[in-house]
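This report refers to the structure that appears directly beneath it.
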Amino acid sequence: GWNGWGCTDNAEAFSYGFQLLSTLLLCLSNVMFVPPVAIAVRSHYLLEAAVYIFTMFFSTFYHACDQPGIVVFCIMEYDVLQFCDFLGSLMSVWVTVIAMARLQPVVKQASAVLYLLGAMLLSMALQMDRHGLWNLLGPSLFALGIMAVAWTARTIRRRHCYPPTWKRWAFYLCPGALIAAAAVLLYAFVETEENYFYIHSIWHLLIAGSVGFLLPPRAKPSGRLGPLPRRKGCGYQLCVNEQEELGLVDPAVASINSICTS
């Protein structure tokens with residue numbers, strides 16, 4: 001920000017304190033990824049946890065290397081740090097939404113293909129244009145489409161809205177979706193060069209916080225619950241759905257199709 005022929009006019013120059021504050025905000029705001037990592041590990045979403053750790057690491061050191069002043073610290077080449085930061089951010093969105101789809105065991109291979117295909121296509125898109133808004137919106141909308149199809153198929157098969165519990169909608173999905181939407185709006189329409197250091201820090205906090213709400217619970221074996229009684233008709237269907245959504249019963253153990261036969 002120094003001006004003049006001799007670069008002596010500091011009227012618009014960033015002070016050392018301001019540079020240090022902006023760097024610390026951009027770097028330390030990535031600590032918000034620690035809770036989603038812990039939630040993912042606890043729920044056995046190890047691949048997702050690895051992606052979040054990758055994102056947290058490279059976002060921290062990319063922003064430490066991306067500063068315009070003298071508070072700069074680079075552990076790798078700038079271009080490598082930038083690519084890994086952008087890739088990790090997009091992959092975090094991708095793997096979270098695919099995890100939310102909760103594809104059935106019969107198509108688990110498709111889930112692995114989607115993870116790998118997303119990584120390859122996102123890498124190609126970032127090489128073409130790293131700052132394009134559609135690099136974020138495109139994969140997000142495509143993943144949301146996959147999730148919508150999977151949830152609709154479950155809803156039709158079970159004849160009940162999925163996820164089946166209102167608590168899941170009220171305390172997890174709706175707050176997570178609102179936080180993620182606010183993050184995207186800030187990133188797309190509010191962030192400028194002047195407010196970058198604090199708006200982008202808020203983006204880190206919001207996008208990481210939304211992940212903690214949106215990750216679904218992991219289905220657990222039903223050894224502690226005992227055998228489930230078989231009843232005629234579909235009166236027991238909602239109970240099985242709720243237990244599965246809360247992670248209390250393994251979908252492979254309690255087959256809804258076998259219960260709902262009359």
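Even glycines carry a Cβ here, placed using N, Cα and C.
The transmembrane segment feature in TrEMBL is assigned to 13-33 (among others).
Per TrEMBL, transmembrane segment is recorded for 45-64 (among others).
What TrEMBL lists as transmembrane segment is 80-100 (among others).
The feature transmembrane segment is assigned by TrEMBL to 112-128 (among others).
According to TrEMBL, the transmembrane segment annotation covers 134-153 (among others).
The feature transmembrane segment is assigned by TrEMBL to 169-190 (among others). Panel annotation: around the transmembrane segment (169-190), residues 133, 136-137, 140, 163, 199-200, 202-203, 206-207, 209-214 of the same chain, lying at least six beyond its termini, place a Cβ under 8 Å from a Cβ of the stretch.
The feature transmembrane segment is assigned by TrEMBL to 196-215 (among others).
At the 8 Å Cβ cutoff, the transmembrane segment (196-215) and the transmembrane segment (13-33) share at least 3 close pairs (sequence separation 6 or more) and count as touching. Between the transmembrane segment (112-128) and the listed ranges 13-33, 45-64, 80-100, 134-153, the one holding the most Cβ pairs under 8 Å is 80-100. Listed as Cβ neighbours of the transmembrane segment (134-153) (distance under 8 Å, sequence separation of 6 or more from its ends, same chain) are residues 86, 89-90, 93-94, 97-98, 100-103, 114, 118, 121-122, 125-126, 162-163, 184, 187.
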